[in-house]
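Visitor: Mind looking over this structure? Questions follow.
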Amino acid sequence: MTLQLEIPTNEVVELSDVEKKQIDALLQETLYVSGASIDALKIIQNHRGWVSNASLLALSKYINLPLADLDSVATFYNLIFRQPVGKHVLHPCDGISCDLMGGKKIRQCLKKQLKINNGETTRDNLFTLLPLPCLGACDKAPVMIANKQLFELLEEKSLPSILNHLQQEHAK
Amino acid sequence: MSHSVHAPNNPLTRFITQDENCWQLNQYQMQGGYDGLKRALTVSGPAVLDEIKESNLRGRGGAGFPTGLKWSFVPQGDDAPHPKYMIVNADEMEPGAYKDRLLLEKTPHQIIEGLIIGGYTLDADIGYIFIRGDYYTAIKHIEIALKECYDNNLLGKNILGSAFNFEIHIHTSAGRYICGEETALINSLEGKRANPRAKPPFPQVAGLWGKPTIVNNVETYCNLPHIINFGASWFKSLGRFKDAGTKIFGVSGRVKTPGLWELPMGTPIGEIIDNYAGGMCDGYKLKGFLPGGGSTDFLLEKHFDTPMDYDEIGKQKSRMGTGTIIILDDKYCPVAMVLNLVKFFAQESCGWCTPCREGLPWAQVLLEKIEQGKGELSDIKQLEDLCKFAAPGNTFCALAPGAVEPLQSALIYFRDDFELHISQKSCPYCSEAYSEDINDQ
Ligand SMILES: Cc1cc2nc3c(=O)[nH]c(=O)nc-3n(C[C@H](O)[C@H](O)[C@H](O)COP(=O)(O)O)c2cc1C
Ligand code: SF4
Ligand code: FES
């Protein structure tokens, strides 16, 4: 594929045996290989935290789909990360119902406490801040998702203890 | 078809109890779960379809299209193409909508039962549940519920001893609002970027992998077991106005008891806001509200008597949408509210057509200008033009027309607020809505 040249990468990534096994299982389930592409990207992200150019290339070779196709899919969806992220990705809601209930203050407070802007990661690699639209809990606004957990009825004063709690989960 | 007599008036939520395991198979079956499927399997697919048509069930995903009619376009008979697909649209991402999450977390079997009944009705082979990736608990419950079904002969070959075979897969979305549009959803399932498809051909004829495909909302499927169990005339009798059945309604914003309630179709808006949501919080007044999520036109207190009924809300120039009401209070800036929504839609635009890809970001720029006190009167005119450019028929899908609904109605109902921002060169609402950090970067 000449298209491979369009994605610069010096690094060579080999998919791990676990990744290969999980991707094989996906391919079993689908009639067409491309139907597995999004889930395969997610598998890689699960193991590596994000999808680098090099891992994209490795996946492209492994499932035999054009790199450009995989890249166009990987860049389209919000939950496929094309940049490294921290241990915990914080998703405070920036939907309208949360904002009506003070969501913006919560997001500003998070930025201040972590000393980062949206899309950035703290120096210690613990937290990445990535607001998401309406998280489907508008009657408990404002809310945030972190570590697959939903934190409801957020108040500024409850944020330090939530961050602490996440940090401790990390230490475990 | 014969029907069960003990008909409830809250079919969708009666399975939800205090018990945190109420979503599991044994509890669901103890309360009559899968009786609808059993009953359906005793009659033919076309007979089930007749009952659904007769029930006047309309899709609960926002557009209110009659479900039976939609299904009747799927090719039937021996020379119909296979596999046929039935898809549950569980990609709920509409701003201010949170009803499907409740059903997914608390009643996964109700959705699955509806999907199996749908599969049987249309002689489909494969079901998909396309679920929002951030709905972790819902995903877990659906996965376990599917396994319970395979273990109990409710899925797989010869379901409950019948000749019907059906399998269901779950796909967790990688996140984009546009995935909820049914043809974009199909593209996403095929592993592509989620751009909507041109219609015709309609998915019912050529959808997933070119095969006949039905996409319906979570709540739509939830109604099916009950329609089959208790009958179309019972279902119609539930509505208080013209539309049939019940609906999960919700209210969010500065009300005393925000939440979700299953109520008859046609329940007046004011009753939902005042009786169920408890009215406004102390110190706040109602300024307006979006009746059905973030892509519906504003209505005002004078519309409180309007029943939550597709056509009646349409007459007031708004839409029932998802039935989840968002309240704008008197202390929150209407320009900021519309800006939040437009920004969301601009970001989620798939980029296929110009009024959406270019128009929405430009509307965002103008609204930011106005909110920051740097707007001019001509900006209002431009915003009105952008709304017209994004009107239905000018774009490839309904995202852009929906996106401008709050804006176009705000320009009518809250025009004073827009003008005041411009004349006093600042936001008149000193509340939390305003902040110099307007871009929220
Ligand atoms: C941008 C956009 C997003 C949508 N999102 C959803 C959604 O999350 N869930 C849903 O059920 N329908 C959604 N819809 C509507 C679907 O296209 C489709 O009409 C619906 O799933 C049909 O189901 P129903 O007839 O049962 O309502 C969306 C439509 C558009 C244009
Ligand atoms: S209206 Fe917007 S989301 Fe829909 S097809 Fe056009 S660009 Fe894509
Ligand atoms: S707007 Fe935040 S959960 Fe819906």
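Cβ atoms here come from the backbone N, Cα and C positions, even for glycine.
Values in this document were obtained by computation on a predicted structure and should not be read as measured data.
Copying in the features that TrEMBL gives for the protein in this structure:
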BINDING   A:CYS93, A:CYS98, A:CYS134, A:CYS138  [2Fe-2S] cluster binding site
Visitor: Mind pulling out which binding-site residues among A:CYS93, A:CYS98, A:CYS134, A:CYS138 sit under 8 Å from chain B, Cβ to Cβ?
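Guide: From A:CYS93, A:CYS98, A:CYS134, A:CYS138, flagged as close to B: A:CYS134, A:CYS138.
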Visitor: Around the Cβ of A:CYS98 ([2Fe-2S] cluster binding site), how many other Cβ atoms lie within 10 Å? Please give the count over every shown protein chain.
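Guide: For A:CYS98 ([2Fe-2S] cluster binding site), the 10 Å Cβ neighbour count is 30.
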Visitor: Note down the number of other Cβ atoms within 10 Å of the Cβ of A:CYS93 ([2Fe-2S] cluster binding site), including every protein chain shown.
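Guide: Result for A:CYS93 ([2Fe-2S] cluster binding site): 31 neighbouring Cβ atoms inside 10 Å.
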Visitor: Sequence gap of 6 or more, Cβ distance under 8 Å: name the residues on the same chain that satisfy this around A:CYS134 ([2Fe-2S] cluster binding site), in order along the sequence.
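Guide: Sequence-distant Cβ neighbours: A:CYS93, A:GLY95, A:ILE96, A:SER97, A:CYS98.
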Visitor: Tell me the Cβ contacts of A:CYS138 ([2Fe-2S] cluster binding site) under 8 Å, same chain only and six or more apart in sequence, or just say none.
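Guide: Same-chain residues close to A:CYS138 ([2Fe-2S] cluster binding site) (Cβ under 8 Å, separated by 6 or more) are A:GLY95, A:SER97, A:CYS98.
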Visitor: For A:CYS134 ([2Fe-2S] cluster binding site), name the DSSP secondary structure in the helix/strand/coil scheme.
Guide: coil
Visitor: With H, G and I counted as helix, E and B as strand and the rest as coil, say where DSSP puts A:CYS93 ([2Fe-2S] cluster binding site).
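Guide: DSSP call for A:CYS93 ([2Fe-2S] cluster binding site): strand.
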